[in-house]
């Protein structure tokens, strides 16, 4: 793996002379934070500006202005520093202990775990004091980090960690979003809070949590020396008498504590934990002297504080004060962090080869026919169940009457609205599975998936922009907007990762960056255009078939039919391209052109699916993978099986989402994430050390 | 995996064949046509055809439900019945309507199963959902709110629902009652020397250590009612184009100056009542002139801030009571 930390350089004479540089950099950081802090306390919704702040600080201001400075500006500024520092420290510690530069509170799902824990507390209607809620957040975050690290294996490589983390984030966030939809009144503030904002109601929160952050920092400094030895490798560290496992556990617990502190205070402020240590490393390369854990933790803390304060100051400088209240700091840092992730991924020397093809047994024709037959039966069962089940249960005779146009009024109503939804779920599932199959074949990357690649995110962004700016847009317009967004995201992701032939690391990391950026932009759009209708956007993003009518499905049906035709016609090419780089070329196949064509088709399919049913994750990943496991890797067999699986999976998720909590409902995407996350994690565990 | 798939398929198929034949409803005969045909144009510009005044009506938003209940039409289906009962006590439901799910995503199945004569929805519902509801029954889409003319929008909505349900006479009474209530409130406030009082209404919610406050600007329904009462709206924050709601934080309140401050919370929802909760110890809050002067009023719960004449009348009463104490 290329993008992993390098071992700390041995101290040399040169290092000593560079220490002066390191001290200077630290001093500059402190000055920068001080300047940003001063700028931050002069900004806000009241009329208190720089002059009043000066008066307040020198004790000459009137009581009202002074109270604004003391109870609003100073706590906000302190919270910014505290949150940034805690996240920077946590990120640096996690990266050191996992020997992985992508480890951070976000990528380890710590934030998602805390969010779910707090969401559960909010949904049960329990009103917790601040310290207790940070305890709840800590437990949630720690559990999530434990799962991710357990599944991905420490030092198990960047991609595995990112995948496990983002999969768990997706699954946990889906559950939380389900709670938001189910308890909109109780969790109203939670959605806003989830965007992350450092604004504070007085010093109370900061003062409660400051000791925790200090304890975390002290703890990290204490174990720093042991963490340093871990960089030499587990065996070497053990040889030096360092308890490897205990050191790891302690460090992860401390990092989770720090992240939970930040999350309780300000909500999840995205990607500071990732970018701050990365920036410090860049500086270390130039000035040296930062690679020891003790130094990198403290400097990451300073850099994190500067990042958070800087984002807040920049936001308030750009937009009017009342708008800045509505735009969360976390959205700004997420955008910054996403750009960072992409740059990091494209700059890293990616020597990791593309994964070798799955080593799968050759399956006989009988196996293929049995599997296909069974899946067809399952799909028919799902269709029948979907049509019959719902808030009002129907029987087959009703459907027969309806089909013959002589059903009763109520039955016709129910079926007229239910059948398009069932079709939307089935078609979207099939299209996503086909898209996943194509993209995985073309990139020869078994983990490539429209959702993970940011393509679905781009499509959703395009669609959300159209929905919010032109509410009356028709299905064709929506599909076009989704495709424009998906095409843009795909061009970005594939363009940036094409160098070196879509290596796993780069593709997945760039994809994740784009997915994060599109999610942040969607949040921004909703906050700015329709701040009081978060439910509408959540509904759309949770992959819902709600409110679909037959005309909405036309673009999807057309694209799916075309896609299936192409996939069947090009089955041999797919087999060859997915094999390796050279074979197709030797056989005289125009590889780049074939790749581009098939990728475009994959993007079209994902976009059409998003336009018809919002973002549905994991199907594009799980269905082709399961299909290959069932019937081998020849595409003439994989394509039909994957498509059938995808349709059955989303169809099931849709009918479950419509029935379990009727008359309220959950989006199909939420349920596929809930079903897909464990499968995906299991897949990662199973392939651990399996030669990937 | 394969065996599992086979078993699932076989079991489901068996269950379905055994249990799923027959019908829940006999095949239909032709519906009878009644007289008294109505044609209405709703806020989306759609012509809505009704065979006669609607009797069995479903409402997807609480303001619509309040209009229906006030007009004496017991709604057959209401979104989030529990929430309505908690937030809108001014016009209580007289019947036990069927819960059709959430306000943002009412269940098509449940609405369809009710087989209503009319569905009253608002422009807050996604277009796709409205399109689908139109297949179930005639849908009257109301503009949810209009900050250019909030009271006018409310009464237009009331009138349209009244026309569709044949209760125009009752709507007239309601509007007259509301006008009278406004005039009476205005007179009482003038008598108490409260004409031109700066009156800021807001609500807010808390999460963690953060408080968000929503100012009701002059474009909100309550803001417009305040104006009719002869009160002045001191908010300088810009509201959204529909509801006239802004967003600010605690220090944004310092711009209000010396005003009367009022809010409505809910005892059922602790996070929606920050002003008596977390703000009580906040230095900025405590330094606000209206907090110091004790002119902060918690108006009684159960007045839906986006409701109809009933809620607004209760609101007028509570404002008059608060200011003439």
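Cβ coordinates are placed from backbone N, Cα and C, and glycine is handled just like the others.
Here the structure is a predicted model, which means the values were calculated and not measured.
Taken from TrEMBL, the feature transmembrane segment applies to A:21-39 (among others).
Look at TrEMBL and you will find A:77-97 (among others) tagged as transmembrane segment.
The transmembrane segment feature in TrEMBL is assigned to A:109-130 (among others).
Here TrEMBL flags A:136-154 (among others) as transmembrane segment.
Positions annotated as transmembrane segment by TrEMBL: A:161-183 (among others).
Counting same-chain residues at least six beyond the ends of the transmembrane segment (A:325-346), those with a Cβ under 8 angstroms from any Cβ of the stretch are 3, 45, 80, 101-102, 106, 192, 195-199, 266-272, 274-275, 278, 307-308, 311-312, 314-315, 319, 496-497, 499, 505-506, 509-510, 512-514, 516-517, 519-521, 523-524, 527-528, 531. Annotation source TrEMBL lists transmembrane segment at A:325-346 (among others).
For A:422-439 (among others), the entry in TrEMBL reads transmembrane segment.
According to TrEMBL, the feature transmembrane segment maps to A:451-470 (among others).
What TrEMBL records for A:507-529 (among others) is transmembrane segment.
Sequence-remote contacts of a segment are chain residues at least 6 beyond its ends whose Cβ falls under 8 Å from one of its Cβ atoms, and for the transmembrane segment (A:596-623) they are 167, 170, 424-425, 427-429, 431-439, 441-442, 447, 449-452, 455-457, 459-460, 462-463, 475, 478-479, 481-483, 485-487, 490, 494, 539-545, 548, 552-553, 555-556, 559-560, 562-563, 566-567, 570, 573-574, 577, 642-643, 645-646, 649-650, 653, 667-669, 672-673, 675-677, 679-680. Per TrEMBL, the feature transmembrane segment maps to A:596-623 (among others).
The list of residues near the transmembrane segment (A:635-656) in space but at least 6 beyond its ends in sequence, with Cβ under 8 angstroms from a Cβ of it, reads 363, 368, 371-372, 375-376, 378-379, 382-383, 385-386, 389-390, 421-422, 424-434, 436-437, 441, 545, 564, 567-568, 571, 574-575, 578, 613, 616, 619-620, 622-624, 626-628, 668-669, 671-672, 675. The transmembrane segment annotation in TrEMBL covers A:635-656 (among others).
Taken from TrEMBL, the feature transmembrane segment applies to A:668-685 (among others).
Outside the transmembrane segment (A:422-439) by six or more residues, the chain places 379, 383, 386-387, 448-450, 453, 545, 548, 550, 552-553, 556-557, 559-560, 563-564, 567, 574, 598-599, 601-603, 605-606, 608-609, 612-613, 616, 619-621, 623-624, 627, 635, 638-639, 642-651, 653-655, 668 with a CB less than 8 A from a CB of the stretch. It is A:668-685 that, among the stretches A:136-154, A:451-470, A:507-529, A:668-685, forms the most Cβ pairs under 8 Å with the transmembrane segment (A:161-183). Using the rule of three or more Cβ pairs under 8 Å, pairs at least 6 apart in sequence, the transmembrane segment (A:136-154) is in contact with the transmembrane segment (A:668-685). Long-range contacts of the transmembrane segment (A:507-529) within the same chain: residues 3, 102, 158-159, 162-163, 166, 195, 270-271, 323, 326-328, 331, 334-335, 337-342, 344-346, 443, 445, 447-448, 451-458, 460-461, 464-465, 468-469, 485, 489, 492-494, 496-497, 537, 541, each at least 6 residues beyond the stretch ends and with a Cβ under 8 Å from a Cβ of the stretch.
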